[in-house]
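What TrEMBL says about this protein:
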- 277-344: domain 'J' (DOMAIN)
- 6-25: transmembrane segment (TRANSMEM)
- 32-50: transmembrane segment (TRANSMEM)
- 78-98: transmembrane segment (TRANSMEM)
- 105-125: transmembrane segment (TRANSMEM)
- 145-164: transmembrane segment (TRANSMEM)
- 185-212: transmembrane segment (TRANSMEM)
- 218-238: transmembrane segment (TRANSMEM)
Amino acid sequence: MAKGLLMTYTLWAVGGPAGLHHLYLGRDSHALLWMLTLGGGGLGWLWEFWMLPSFVAQANRAQEQRQGSGRGTPPLSLIRFVAQMIVGMYFGLVALISLSFMASFYIVGLPLAVGLGVLLVAAVGNQTSDLKNTLGAAFLTSPIFYGRPIAILPISLAASITAQKHRRYKPSVGSETLSVRLYRLGLAYLAFTGPLVHSVLCHTAVTLSYVADTLGSFLSWFSFFPLLGRLLESVLLLPFRAWKLLVGDHGISSSYFQEWEKLYEFVHSFQDEKRQLALQVFGLSEGATNEEIHGRYRELVKTWHPDHNRYQMEEAQRRFLEIQAAYEVLRQPRKPRGSWRSNATINTFKRVLGLPWWSSG
């Protein structure tokens, strides 16, 4: 059935940031992208106002266009390449916040998340790219920057270049029912948002701290490239800017930032308390070296391993899990108290709030 321009504009106005108009036009990849980014932070949704007629025309001749253009190569698009880079980094940041507890995160989780973000943009419209080569480039780049949040940038760059190199038109496929398409989109949406929601609801304080630290370390790298840093800053803070534009400046003042500062201080005090409890479990004092921590960990694990305590299995299991949890806390690098004040993220928030960078409230 032919798609109508009036219906497309109506869905764009009513549920554009959620991708309803793209779902109506059969552009499922574009719909999912808008669902996960709220219409590209609002800017992509507004920019589409002038693009909807071409989207409708493309949807109405999709079958013939795919059959006729399947043998060629789509033209190179700078806009698509930049979008692949941005969405790849966005997926990587979300993965850092919600999945970094994984043992092999920097080898498996991070390149997979960034690569899927790049592939999602590559599949927008009538184009797609090669899954194997794009993910392969992401996985090969990841070990070079192992353990560093800045790894998101080179992984996204390598995956985006590979996706552009292997770009092609989508093959002609049969139509699917709406229920099947919604089921697939729902699974993809839950796979993206599920770990993040769990992290926010179950580990709120830790998540807040990790968001600030991740964004701070990521943005601080761009201090060598001020223009690029400002651009990335604007992209990352786009949802906040859109919210501020919609609701005005109510509550956005130095007092608001002061409350945020108190919350951040609470997070750090909470982390200090966890470290003190972990040191008590290990029987160590503040200032213990990494060698002392590792040595004490090996001793305690050997002593309280359930296989070595068959006559007090319940107590051994409890102590063993306690030792493992304490070790996870102590092996994390500890940042100097108050170092957050020079954090690039905090200074960014201050600029957004209209505060001078040296202000404390």
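Each Cβ is built from the backbone N, Cα and C atoms, and glycine gets one as well.
Packing against the transmembrane segment (105-125) from elsewhere in the chain are residues 27, 29-30, 32-33, 36, 58, 80, 83-85, 87-92, 94-96, 99, 131, 134-135, 137-139, 141-143, 146-147, 151-152, 155-156, 159-160, 163-164, 167, 170: each is 6 or more residues past its ends and has a CB under 8 Å from a CB in it. This prediction places the mean pLDDT of the domain 'J' (277-344) at 78.
DSSP assignment over the domain 'J' (277-344) gives 50 helix, 0 strand, 18 coil.
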